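Features reported for this protein in TrEMBL:
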type	residues	note
ACT_SITE	B:CYS145	active site, acyl-thioester intermediate
ACT_SITE	B:HIS265	active site, proton acceptor
BINDING	B:THR27, B:GLY28, B:ALA29, B:VAL30, B:ARG56, B:SER57, B:SER175, B:GLY176, B:ASN339	NADP(+) binding site
BINDING	B:ARG116	phosphate binding site
BINDING	B:GLN172, B:ARG258	substrate binding site
DOMAIN	B:20-136	domain 'Semialdehyde dehydrogenase NAD-binding'
There are 2 protein chains.
Amino acid sequence: MSESLFDGKRRNQVWQKKYHVAVVGATGAVGTQMIELLEEVSSFEIGEVSFLSSARSAGQKKTFRGEEIEIKEAKPESFEGVDIALFSAGGSVSKELAKEAVERGAIVIDNTSAFRMDPTVPLVVPEVNEHALKGHNGIIANPNCSTIQMVAALEPIRKEFGLSRIIVSTYQAVSGSGVSAIKELNEQSQAILNGEEFKPKILPVKGDKKHYQIAFNALPQIDVFTENDYTYEEMKMINETRKIMEDDSIKVAATCVRIPVVTGHSESVYIEVEQEGISADAIKNSLKNAPGVILEDDPANQVYPQAATAVHKKEVFVGRIRSDLDDPKGFHMWIVSDNLLKGAAWNSIQIAESLVKLEII
Amino acid sequence: MSESLFDGKRRNQVWQKKYHVAVVGATGAVGTQMIELLEEVSSFEIGEVSFLSSARSAGQKKTFRGEEIEIKEAKPESFEGVDIALFSAGGSVSKELAKEAVERGAIVIDNTSAFRMDPTVPLVVPEVNEHALKGHNGIIANPNCSTIQMVAALEPIRKEFGLSRIIVSTYQAVSGSGVSAIKELNEQSQAILNGEEFKPKILPVKGDKKHYQIAFNALPQIDVFTENDYTYEEMKMINETRKIMEDDSIKVAATCVRIPVVTGHSESVYIEVEQEGISADAIKNSLKNAPGVILEDDPANQVYPQAATAVHKKEVFVGRIRSDLDDPKGFHMWIVSDNLLKGAAWNSIQIAESLVKLEII
């Protein structure tokens, strides 16, 4: 690829490194967003890109900074010369190929659940625990979408007032389940509006025993169930939050629910802070200048975050902040973000930017 | 109306009373359900019905047990001879006409928020506090839809183990906002599927300053905001729950959210019981034979309540019951019911049945 194709900000240094970035899962809902975001990256120079996929999708083409790039089948040797490999093609692909990429010298930023709870793998939301990147062993895990937006919004509060408890109920969009789930929601919605029959095939969980209507419905199952009757999605929120915040003493509970929204996860979050005598205004103030967070909280003017207005934006939106009426340390709030951006692709790109900034790569 | 039209169960008593029942708001989403349910009532005899509405809807006709009934404009004199008046035409109509009906000898069962927190008015969910009917002064209030299904599901737990705390996040259907909101959801959904422009006019709250997209979105506002930054809907859930359970010491918190579902409210509910050492199985057992409650809780087989399967049913469905992982007295669950039936029309009819059964009327 010729240099002239890139509009990245040039540092005036002849030794400026140019990075070879691979995207694994380039045709998926998240991979597509990763590619769009990489086009706009200006904090480091991209010298080459490799877009990788399953054998089935290989051969398709994606435009990148004006150039057509052919998508190739992801194989161990695909990672020769790659500096940063962004994985978002499902846990099994990551388990098979992430170590191959690392062996070939790449740092892997993995958007699947494959390595998140591995104690040797940093699980990073840059606004919360960027420092954890320094301890990496080749693989860095991108947290679950519903976890990322919650911890990004709660970290400023935790830092200022301490945080002892989180109870979250989610309102999650179908794009978290991929392109086929988006198609299912749209087709089912149309069938119901037409009064036609339809057969659920994807949601709540691709490949699970039963499938249910998602259009005009709410499904209290995301990912499969674990032995304790929580879903994996709920356990991800619980375990990942403690790992990212580096505090196993925080009580975390989650109920994860899929609703008929294409993109944009919403969360109803109850928290208890450690400090006494904190007001809702103090909580709001702690978020006003927080990195990556936008306060949208003006009930008198009906201003609060919404999935429909958060979509295509990189920030986490927080509103409906109010004191619990019984517990003086309790607060309620509503946290919304684009699950494909901050919840997935954007957080992965941010990790890449942090790796460069911290001179880890 | 001739007797032969009625298929009600006859008691073998010559003095069997026949009741004159009025429905105020007969053309609305709830009024329509009330009329359908009255057709099936067999626990008391209906001798006459009056279907009442605003001047605008008067003149329309409804079929009742095979006979065409003309809808008449609701006026004070409409209640002459009425025994039971079911009101569901908005708070202002109830405030104007409920006392007129009582003065003419009717017992009013009011489905609006007009009198719910009036200390002289019983607020009744028959499965929970039927006894409160005995203290009535002519008006009985039907609680808010989101409150009814929650207290019906929690009362068996409260009775057996005590209940100290409730934190609820709701997933509420648009039919709670009436026929025009259903139309708005359907039309907006179609516009979005077609890629067409649309202009929100009804939701989140008819007559409020701003209106937002509900199709493929989630709106954390139901009813207008109060001074403490909670919505009225949230304050209804908090205050009504304590009144119905007759326990002001229960901590209750609510976040009420409208989602793109036509009918069927879902609730993610966290509770703390008073007794120690209670298992999730014990909670499930307390619900197995509870009146009006159906346990749908088998995660291994993906069995849990859903709005789409609860619609057109009178019961409250409970599932996803599991222990909190940190608090030994804490439990999470998912409560779903048809907001137009148990949440409104059916609870009102049940109150009428209780009034007859307890010989109050």
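Along the chain as shown, residues are numbered 1 onward.
Cβ from N, Cα, C; glycine included.
Taking the features listed in TrEMBL, we show where each one sits on the structure.
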| residue | record | DSSP class |
| --- | --- | --- |
| B:THR27 | NADP(+) binding site | coil |
| B:ARG56 | NADP(+) binding site | coil |
| B:ARG116 | phosphate binding site | coil |
| B:CYS145 | active site, acyl-thioester intermediate | helix |
| B:GLN172 | substrate binding site | strand |
| B:ARG258 | substrate binding site | strand |
| B:HIS265 | active site, proton acceptor | strand |
| B:ASN339 | NADP(+) binding site | coil |
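Listed in sequence order, the recorded positions from B:THR27, B:CYS145, B:HIS265 having a Cα within 10 Å of the Cα of B:ARG258 (substrate binding site) are B:HIS265.
Neighbours of B:GLN172 (substrate binding site), defined as other CB atoms within 10 A of its CB across all chains, total 25. On its own chain, B:THR27 (NADP(+) binding site) has B:SER53, B:SER57, B:GLN60, B:ILE71 as residues at least 6 apart in sequence with a Cβ closer than 8 Å to its own Cβ. Non-local neighbourhood of the residue listed as 'active site, proton acceptor': B:CYS145, B:SER146, B:GLN149, B:THR170, B:TYR171, B:GLN172, B:ALA173, B:GLY176, B:ALA307, B:VAL336, B:SER337, B:ASN339, B:GLY343, each in the same chain, at least six residues away, with C-beta under 8 Å from its C-beta. Reported as a whole number, the C-alpha separation between B:ARG56 (NADP(+) binding site) and B:ARG116 (phosphate binding site) equals 27 Å. In terms of DSSP helix, strand and coil, the domain 'Semialdehyde dehydrogenase NAD-binding' (B:20-136) has 39 helix, 33 strand, 45 coil. Fewest Cβ neighbours within 10 Å among the binding-site residues B:ARG56, B:ARG258: that distinction goes to B:ARG56. In this structure, the binding-site residues B:SER175, B:ASN339 were compared by how many other Cβ atoms lie within 10 Å of their Cβ, and the smallest count belongs to B:SER175. Largest Cα to Cα distance within the recorded NADP(+) binders B:THR27, B:GLY28, B:ALA29, B:VAL30, B:ARG56, B:SER57, B:SER175, B:GLY176, B:ASN339: about 26 Å as a whole number. Between the alpha carbons (Cα) of B:ALA29 (NADP(+) binding site) and the residue listed as 'phosphate binding site' lies a span of roughly 20 Å. Around the residue listed as 'phosphate binding site', taking its Cβ as the centre, 22 other Cβ atoms fall within 10 Å, counting all chains. Ranking the recorded positions B:ALA29, B:CYS145 by the number of CB atoms within 10 A of their own CB puts B:CYS145 at the top. Taking the C-alpha positions, the distance from the residue listed as 'phosphate binding site' to B:SER175 (NADP(+) binding site) comes to 21 Å.
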